């Protein structure tokens, strides 16, 4: 039978026998997290990981020092996809309790769907699960959703999604979700959110080695993150019309699969030569960005686990941000800072758009030359599919979406990082 442990916060140091600068101590009343001076949320998250690692399956956050942010930090560290520990806390104000429950609902959706196996989350299932989640958090009657799949993708001109997914036995899909709280079917679309939804990425014929393929069930992390962000924005009161567009496919090897040298002709007329089938995320996102541009929104945001280059630059602790719109980038970075999430700008300039030459098409899907800035040229590729790419477009390369192994703050698996930033950014832009 499991016994609940009370956990307290203290600014006092632990007794010497617990070790120098000990973070945790224990007594008959429970465990105490020793923060020292200040209110270090990172220390709280690390303590939660330690308690989970010690097999503490039920926790009550007790005492007077627990507030919204400290409870949230503990939840982030304590959550474990294998153990599902029980976490309870003392009463918060109604406003803080509502916010905490909204964060948990949105980020738990994101973490759970990214952690699921590729067998559980095929492209059509990803689109369906995302639509069901948004419907569950939105006011009744404000959400409509359409899933375009298989040969219908070709009929409607979504060549990139179809081409990437044609090597799989699992049907590719594009989710076209409309959140419209205005009650006016002719209301302008304020924002379009585009997510990369590669539910498993083998690399295709540019095959990944096993150690790089082992986490590729999480290559739909951009879709999971941006769906969670929209969900949290809705729970926080988003009052403008938003389209959610998820570009879902499985990148596999077969006799039907995309081959090097193939050329894709996109709906906007751009032709792309395939020089690496493992640079597939940008190929599906291109369709989503074209569809987004057709609605003339004020804001286009795409999220994708797009490049290893971003992860090499930033590790797991930051997402990368790229944009030609400096003012909007600053607002996104400010939103991340307010939400205490890691977001870091990487360069994106006009000359990056010239680093994708092809002898047979308008563009290659990879850059040429030695020491190519892979994250920047991937974003530059996407810019060819955003009608007004200089203004109102943000690209998130989600380096911090998933951890292959546990750290001192996180269990292995999805983090949910970026959900709060996206929600705040959407709501702040909508209120202007």
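For all residues, glycine too, the Cβ spot is worked out from N, Cα and C.
Note that the structure is a prediction, hence the values are computed from the model and not measured.
Between the candidates 201, 326, 350, Swiss-Prot assigns the Mn(2+) 1 site shared with 278, 280 to 201. Mn(2+) 2 is bound by 196, 201, 280 in Swiss-Prot, and the record lists one more residue there from 178, 219, 262, which is 219. In the three-state DSSP reading, residue 208 (active site) counts as coil. Nearest Cα neighbour of residue 208 (active site) among the listed binding-site residues (196, 219, 278, 280): 278. Taking the Cβ of residue 219 (Mn(2+) 2 binding site) as centre and 10 Å as the limit, one finds 27 other Cβ atoms among all the protein chains shown. Shown are the recorded positions 196, 208, 282; the one with the most C-beta atoms within 10 angstroms of its own C-beta is 196. Around the Cβ of residue 201 (Mn(2+) 2 binding site), the number of neighbouring Cβ atoms within 10 Å comes to 27.
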